[in-house]
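Trainee: My questions all concern the structure below.
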Amino acid sequence: KESAAAKFERQHMDPSMSSASSSNYCNQMMQSRKMTQDRCKPVNTFVHESLADVQAVCFQKNVACKNGQSNCYQSNSAMHITDCRESGNSKYPNCVYKATQAEKHIIVACEGNPYVPVHFDASV
């Protein structure tokens, strides 16, 4: 079974790009990263930074998660991200996404040993 840490990497990490390459980026990535298999995942964020830099966030500013848990952390610096949001004409299995690029601080939930990101909570 896929670990929570591996799932985080599959769903949120794209260090090879500094930003979304094209308007088609989200459609391609959401499909290739298997987030459109049994439904269209409505919103997903990709982080264009090294895995080491994102894992380091687990040792940065401790903040409350949206669900009230206390194991979330905010990055000290802004990171290149792409938000993929399902567009109005999207209907499973033909999931259609709109990309929004930004430079924002990310908030991730961390757990385990080693202590690594397992959930993308927000960007601020």
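If you go along the chain as it appears here, the first residue is 1 and each next one adds 1.
Note: Cβ is positioned from N, Cα and C throughout, glycine not excepted.
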Trainee: Based on what Swiss-Prot records, which one of C84, C95, C110 is disulphide-bonded to C26?
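Mentor: When Swiss-Prot is consulted, C26 turns out to be bridged to C84.
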Trainee: When you check Swiss-Prot, which of C40, C58 turns out to share a disulphide bond with C110?
Mentor: C58
Trainee: Do any of H12, C58, C65, C84, C110 (recorded positions) have a CA within 10 A of V43 (substrate binding site), and if so which?
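Mentor: Cα within 10 Å of V43 (substrate binding site): C84.
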Trainee: Please give me the CB contact count at 10 A for C110 (disulfide bond), counting all chains in the structure.
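Mentor: If we count other Cβ atoms within 10 Å of C110 (disulfide bond), we arrive at 22.
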Trainee: Under 8 Å Cβ to Cβ from T45 (substrate binding site), same chain, six or more residues apart: give me those in sequence order, or none if nothing qualifies.
Mentor: H12, I81, T82, D83, C84, I106, F120, S123
Trainee: Per DSSP, what is the helix/strand/coil residue tally across the compositional bias 'Basic and acidic residues' (1-13)?
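Mentor: With helix first, then strand, then coil, the compositional bias 'Basic and acidic residues' (1-13) has 9 helix, 1 strand, 3 coil.
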